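Visitor: Got these off TrEMBL a minute ago, pasting:
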{"type": "TRANSMEM", "residues": "A:12-34", "note": "transmembrane segment"}
{"type": "TRANSMEM", "residues": "A:41-60", "note": "transmembrane segment"}
{"type": "TRANSMEM", "residues": "A:72-89", "note": "transmembrane segment"}
{"type": "TRANSMEM", "residues": "A:101-124", "note": "transmembrane segment"}
{"type": "TRANSMEM", "residues": "A:154-177", "note": "transmembrane segment"}
{"type": "TRANSMEM", "residues": "A:211-234", "note": "transmembrane segment"}
Amino acid sequence: MSPELDNLAALAHTPLFGILLTLASYRFALWVYGKSNSLPVFHPFLVASIPVIIVLPLVGVDYEEYRDQTRLIAFLLGPATVALAWPLYRQLHAVRSVLTPIVVATLIGAAISAAIAVGLAWWLGAPAEVVGSLAPKSITTPIAVEVVKSTGGYVSLAAGAVAITGIVGALTAGPIFRLLKVNDQRIKGFALGLVAHAIGTARAFEYGEKAGAFAGLALGLCGLVTAMALPWIWPWVAQWLGQ
Amino acid sequence: MIDGLLILLFFQFLGEILIRLTGIPLPASVVGMVLLLVALLLNTPFTQRVAPAAGALIKHISLLIFPLGVGIVLQWHRYEDYAVALAVAVVIGTILSMLLVTLMLKKLMSKAGEPHEP
């Protein structure tokens, strides 16, 4: 290759390239999501990944290098997590009257979601790192990718498991509510937010403002409870699972 | 927007300080979130100004997250041996959770009563 072309190819190894690729992929994914009328299977998390997964191997950038290039974007996850206090604060105001059953439901629900994921993966013989990656799968991603560090899991796997949980939850909620004959907007919203975090919350808003508010509250509380409990409980769970 | 960003980074920093002082095993950003929530509930001056920055970051949270998710495909060799366990735990596990959580809520909420629900 000529020196000019070499110079050009080296561009792929700059943060500018990584961030441009990331932003362009995300913009494309937003467009697809809008066109699909916000169908959960076309969630930006999935669609935005496709161009990145195709382009990186073509230009010879591995995943470690890409993570390094996009450090600026990853940094924003910190303030984004702190920002979750805002919607939580707004929802807490709205549902003060039924706060006690809601807190009880959050504690039990968060435990159910985590225990089922961990139990199934462990039963099917997944190693400790994989089981640990799934423990926070029902909580909102920015919190999940922080918490997974305390369970010795993989950040990538946790992020993916969270996204797929949200999509599966949002898609199966309708049939499950019909099967169990649920008509209460509060229950629909709360179940969606608790199990399927942000993607479930978006789905809940389709049932109405009230379902959406309860979903937002469940998302915030479930994330909070899991993040506060898991780092303390996990060493004990890991020992009990014999890992 | 700048005020909001300033508030968010400040509370994350507070979380970081608290963790270093106490050694509690929680993520700094989660502690920052709790501190900000408490500050908001106590009507601390200026904290309401967090709204525009918080809204923008939360709206585009997928942008911040998906670069982490692509690692599943690009580092597939790490996970391929456990593909079945993963698929079952994530897909079946989610459906099971949804069923159980909805059942539990029906029990709890009917006990709590909702006389105003049409």
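Keep in mind that glycine also has a Cβ here, set from the backbone N, Cα and C atoms.
TrEMBL does not curate its annotations; it predicts them automatically.
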Visitor: Flag the pair the transmembrane segment (A:72-89) / the transmembrane segment (A:211-234) as in contact if three or more Cβ pairs fall under 8 Å (sequence separation 6 or more).
Guide: yes
Visitor: Hey, does the transmembrane segment (A:12-34) touch the transmembrane segment (A:101-124), meaning at least 3 C-beta pairs closer than 8 angstroms, sequence gap 6 or more?
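Guide: No, the stretches stay apart by this measure.
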